[in-house]
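The annotation domain 'CDC20/Fizzy WD40' is assigned in TrEMBL to 167-457. For 213-254, 296-328, 426-459, the entry in TrEMBL reads repeat 'WD'.
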Amino acid sequence: MSLRATCPRMRKVIEVRKEMRSGYAACSPVTVKSGDRFIPTRAGSNWSINFHYANENCWSPNQNQRAKDASTDTGKDAVAYAALLRNELLGAGIETVPDPHTDDRRHTILMQDTHSLFRYTIHTKRVPSDSEISPYSLSPLSNKSHKLLRSPRKPARKISKIPFKVLDAPELQDDFYLNLVDWSAGNLLSVGLGACVYLWSACTSQVTRLCDLSVDGDSVTSVCWNERGSLVAVGTHKGFVQIWDAAGGRKLTSLEGHSARVGALAWNGEQLSSGSRDRVILQRDVRTPPPMERRLQGHRQEVCGLKWSPDHQHLASGGNDNKLLVWNSSSLLPVQQYSDHLAAVKAIAWSPHQHGLLASGGGTADRCLRFWNTLTGQALQSTDTGSQVCNLAWSKHANELVSTHGYSQNQILVWKYPSLTQVAKLTGHSYRVLYLAVSPDGEAIVTGAGDETLRFWNVFSKTRCTKESKSVLNLFTRIR
């Protein structure tokens, strides 16, 4: 008789050991058969693979260049073709051709998730209705693609890269701190050339000399029209501010108070603000005797930029001390001070579209455009332009602005705000583009440079932008 038959306890131990061996073998990784990939079984389901691009800020230079070329006809055709392919291959359901310059273009063409390259979704099968696909249609395209192809195409924005007029401007000074060109509401262009101020009519192309300061041994350092276009203020190298009647060609008054040249002027109704190398800003009412003035002292170096806000409540000033100051009409001290620029701040422009939005540009060591919310005192955004920012001006009809530049590219750039997309780049001046003025209709600009030329460009559209933010959270559209 065997041991297994005679010892029940031994048989039980042997059976337990066999069970343990079989359990170890079942759990052992050696016995599991596996491949290099996992392919799930999904019978009767449809898969869509969505390709996601990286964020715009991470685009390569070639992709950035393709984005800039999207405003051309070829670029827009490529956008429409890409949307058509997405409809047919991925079922994106795009019905209108997206605008490549709008802020939400990533949401209309591209998907919002930018963290993964692929995303798998399961769509349940359903029978299309008669309104979507006609059973008699011979076209291989879907109904969404037909709507895409029939959608109205926005006319291409074409900005001529050649000026439509060029005028000679002998003795136009190549000085960053001066403001020698301004365009009036009456379509008269005032230009300071040496010791003289000349008026050029955009209607008749007639040129007249308004004044000559050489008899006093002085020279012109700034010019500025009032809002009605009847009076022109002339700042001089000796620190005087003269008020001239353009229609009558006569000097109305000469204001003293500055001890150095007056390089910046800004009208606010009947009040005139002047900034000088003596670091002082003077505000005077031209209807009152000269002793009536307000002295604003906040800059430590020459004041080279002055602009009043569209609501006539705040004055922005820029100086060679790299400071941007904001003043109100009652205080003698600045209510806001911005010190982010690393060079002189001459380029200043208030937005006519968003209340409290201020743009500024820095000199050679800074080269940045910066935007400020003066309602809250916060910095909004900035971009490096690559060269000295000399002037800024907003479009009167669209949310765009133009900047002129000096060292080292001497270019003119048109920007779309708030995306800060470059709409156009214009070149032609061989020196720094130090002077800028916008036409009364808001369509054309004139630029001046040390190459002693004035160049006229058509850069802005007359069509007023109808897209405005209605959100109650938008501080720019709220009345305080």
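Yeah, the Cβs are placed from backbone N, Cα and C, and that goes for glycine too.
Note: TrEMBL annotation is automatic and uncurated.
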### Query
Are there residues at least 6 beyond the ends of the repeat 'WD' (426-459) whose Cβ is under 8 Å from a Cβ of it, and what are they?
159-176, 178-187, 189, 191, 202, 229, 388, 390-393, 395-397, 402, 404-407, 409-414
#### Entry: Counts by DSSP class (helix H/G/I, strand E/B, coil) across the repeat 'WD' (426-459)
0 helix, 19 strand, 15 coil
### Message
Using Cβ atoms and a strict cutoff of less than 8 Å, what residues sit near the repeat 'WD' (213-254) while being 6 or more residues removed from its termini?
### Response
178-188, 190-197, 199, 260-267, 269, 272, 274, 276, 278, 284, 286, 290, 440
